[in-house]
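Here's the structure we're looking at; comments come further down.
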Amino acid sequence: LTQPATPDLLVSPSSQDGDLGSECPEDRGNWTGRLDFLLSCIGYCVGLGNVWRFPYRAYTNGGGAFLVPYFIMLAICGIPIFFMELSLGQFSSLGPLAVWKISPLFKGVGMGTILIVSLVAIYYNMIIAYVLFYLFASLTSDLPWQHCGNWWNTELCLDHHVIKAGNSTVPVNISNTVSPSEEYWSRYVLHIQGSSGIGDPGRIRWNLCLCLLLSWTIVYLCILKGVKSSGKVVYFTATFPYLILVMLLIRGVTLEGAWKGIQFYLTPQFDHLLSSKVWIEAALQIFYSLGVGFGGLLTFASYNTFHQNIYRDTFIVTLGNAITSILAGFAIFSVLGYMSQELGVPVNQVAKAGPGLAFVVYPQAMTMLPLSPFWSFLFFFMLLTLGLDSQFAFMETIVTAVTDEFPYYLRPKKASFSAAICIALFLMGLILTTEGGMYWLVLLDDYSAGFGLMVVVITTCLVVTRVYGMKRFCRDIQMMLGFKPGPYFRACWMVLSPATMMALLVYNIVKYQPSEYGNYRFPTWAEVLGILMGVLSCLMIPMGMVVAVLQEEGTLWERVQQASRPAMDWGPSLEENRTGVYVASLAGSQSPKPLMVHMRKYGGITSYENTAIEVDREMEEEDEEESM
């Protein structure tokens, strides 16, 4: 008796086999260490938003009362969608574009995501450039924004050191004055007086341009080898900010008058909760802070092993992120309280709300402390490390999304492709380095990831639960983790998350307010341009539908049905993880060789189709028994 031959379907994709070996795309790669994924997620979520955006949002939306909608939105939208994104990425090992093999009809959602991430990456790196500028400016014995009397200062400039030294019993009226740090930011760093508005950008500020070039160079060097290099950098960039934050927090709460600011931060003004704006701000803060809808979570999870415990990681990252935001609020508000005591004004008059909060208020506070350059350097170094790992994620998302679409051509040239993307986004960001660049940054900040991001997340939620099917999605998660998601997740995915976000979307449109920067109101054409930025990411969805339908055959309804079904190669990327219904179709994009060899030798995959049908029938019987 001859030994039965093992079908070539069981041959490992890595084994060499003549003419078909060259047709396999280069391996995607995985995280190389156990903590790479968790630290990358923490670094991605805990970003500039926690220091630059959260205290500012809390400060303008009722202080402590803001924490109520913040945690409600975290429970309803943040945690469930965070887990959904990680599950989709880990299950398929695909980026934000290729993952829409789950339902090719909605591939436009992935294109919308990439557009949003690209716009955010342009201005986010400009903020990192500002941080680098201040970091270098702190390398001095006397901070340049400490006193008036520089060429950029005006007669309105009032130095708090002069007030204290004057020892005057007559109270000084500071209502019509400007701090040295504010003039340093607006008149020296931005040189905004050289621009009359968004339509008059003025000249390029070469010192800012060089800082932007440096920030893009740092980002490129860290993502050069994909997750293999960025996964190691985050061991520093994700953990070091906590050390600095604790140091700043201890320094802040030991200052005289710190309790005033903390009281202002914690005292809830519940009348603010009746304003729809507060709830929208809370939801947007969750999106910005957790990075939900940006594709970064999905990208990071796609480099995991198939059985990584993302359920545990979800709670570690989301709750850790919320606690970090609150701690950063304490660090900021304790200093605001100290400043209000020093200047003799109420806490709510100390800071002017806006993107310059971290570049005006905190730098001014640093000048009031002994060893001010040291504390200033620490603060901006913390901002740098916080910003960089979020920017790594944005870039990794764009690069992974496109290379997964064209694995044969782009994966071997990933470093060159990453360089091309970095150069393109740097050139697009040059307008932000002009004298009127701050107007463009505010426009991008307000519109690039507003309602467009909500539409993308709502559509993703509805497609996974309604089109792909909740039962099927829960079964996929069970394949990975060994258990199905509980009723909390199912209720949020089916009803609570999409319903809450739809309500927020409607509120966002009804209560629309034009952008402004200080006293400057944006012209109508700039508003229209901003709205188009948001609308374009939404238009990607119907455009993707048209393309998907045209690629199918039959009547229009048949085409729509075929395009909405998962692609043949949807499922786990490795053969050993493809069980049950996924035995029938191996992932062509990851390892096409075994399937091709099998089809050549056996003329089809009939026996495997039969196996899958039997598994399906068993699963249906189990479901019927459960429902009875």
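The backbone N, Cα and C atoms fix where each Cβ goes, and this holds for glycine too.
Quick look at what TrEMBL annotates:
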{"type": "BINDING", "residues": "GLY43, VAL46, ASN50, SER289, ASN321, LEU386, ASP389, SER390", "note": "Na(+) binding site"}
{"type": "DISULFID", "residues": "CYS148-CYS157", "note": "disulfide bond"}
{"type": "REGION", "residues": "1-23", "note": "region 'Disordered'"}
{"type": "TRANSMEM", "residues": "37-55", "note": "transmembrane segment"}
{"type": "TRANSMEM", "residues": "67-88", "note": "transmembrane segment"}
{"type": "TRANSMEM", "residues": "109-136", "note": "transmembrane segment"}
{"type": "TRANSMEM", "residues": "233-250", "note": "transmembrane segment"}
{"type": "TRANSMEM", "residues": "282-303", "note": "transmembrane segment"}
{"type": "TRANSMEM", "residues": "315-339", "note": "transmembrane segment"}
{"type": "TRANSMEM", "residues": "374-394", "note": "transmembrane segment"}
{"type": "TRANSMEM", "residues": "415-441", "note": "transmembrane segment"}
{"type": "TRANSMEM", "residues": "447-468", "note": "transmembrane segment"}
{"type": "TRANSMEM", "residues": "488-510", "note": "transmembrane segment"}
{"type": "TRANSMEM", "residues": "530-550", "note": "transmembrane segment"}
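Distribution of TrEMBL features across the structure.
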residue: GLY43; record: Na(+) binding site; Cβ contacts under 8 Å, 6 or more apart: VAL234, THR237, ALA238, ASP389, SER390, PHE392, ALA393
residue: VAL46; record: Na(+) binding site; Cβ contacts under 8 Å, 6 or more apart: ALA238, PRO241, SER289, GLY320, ASN321, THR324, LEU386
residue: ASN50; record: Na(+) binding site; Cβ contacts under 8 Å, 6 or more apart: SER289, ASN321, THR324, SER325, ALA328, LEU386
residue: CYS157; record: disulfide bond; Cβ contacts under 8 Å, 6 or more apart: CYS148, GLY149, THR177, VAL178, SER179, PRO180, GLU183
Intrachain residues whose Cβ lies under 8 Å of the transmembrane segment (415-441), provided they are six or more past its termini: 118, 121-123, 125-127, 129, 190-198, 200-205, 208-209, 212-213, 216, 219-220, 223-225, 355, 395, 398-399, 402-403, 517, 520, 522, 526
Neighbours of GLY43, VAL46, ASN50, SER289, ASN321, LEU386, ASP389, SER390 excl. site residues, C-beta within 8 Å of centre, Na(+): ILE42, TYR44, CYS45, GLY47, LEU48, GLY49, ALA238, PRO241, THR324
Within-chain partners of the transmembrane segment (67-88) [C-beta distance under 8 Å, separation at least 6 from its ends]: 58, 99, 102, 268, 273, 278-279, 281-283, 285-287, 290, 292-293, 295, 297-298, 300-301, 310-311, 313-315, 317-318, 322, 325-326, 457, 460-461, 464, 473, 476-477, 480, 485, 488-489, 492-493, 496-497, 500-501
Distal contacts, the transmembrane segment (374-394) - CB-CB under 8 A, six or more residues away: 40, 43-52, 117, 120-121, 124-125, 127-128, 131-132, 134-135, 138-139, 143, 215, 218-219, 222-223, 230, 233-234, 236-238, 240-241, 244-245, 247-248, 251, 291, 294, 296, 299-300, 358, 362-363, 366
Closest-packing stretch to the transmembrane segment (282-303), where packing means Cβ pairs under 8 Å, from 233-250, 315-339, 488-510, 530-550: 315-339
For the transmembrane segment (37-55): best-contacting stretch of 109-136, 233-250, 315-339, 447-468, 530-550, by Cβ pairs under 8 Å: 315-339
Cβ-Cβ neighbours of ASP389 (Na(+) binding site) (radius 10 Å): 26
Cβ atoms near SER390 (Na(+) binding site) (within 10 Å, other residues, all chains): 26
Highest-contact recorded stretch vs the transmembrane segment (315-339), from 109-136, 233-250, 447-468, 488-510, 530-550, CB pairs under 8 Å: 233-250
Site of maximum Cβ density within 10 Å, from recorded positions CYS148, LEU386: LEU386
CB contacts for SER289 (Na(+) binding site) [other CB atoms within 10 A, all chains]: 26
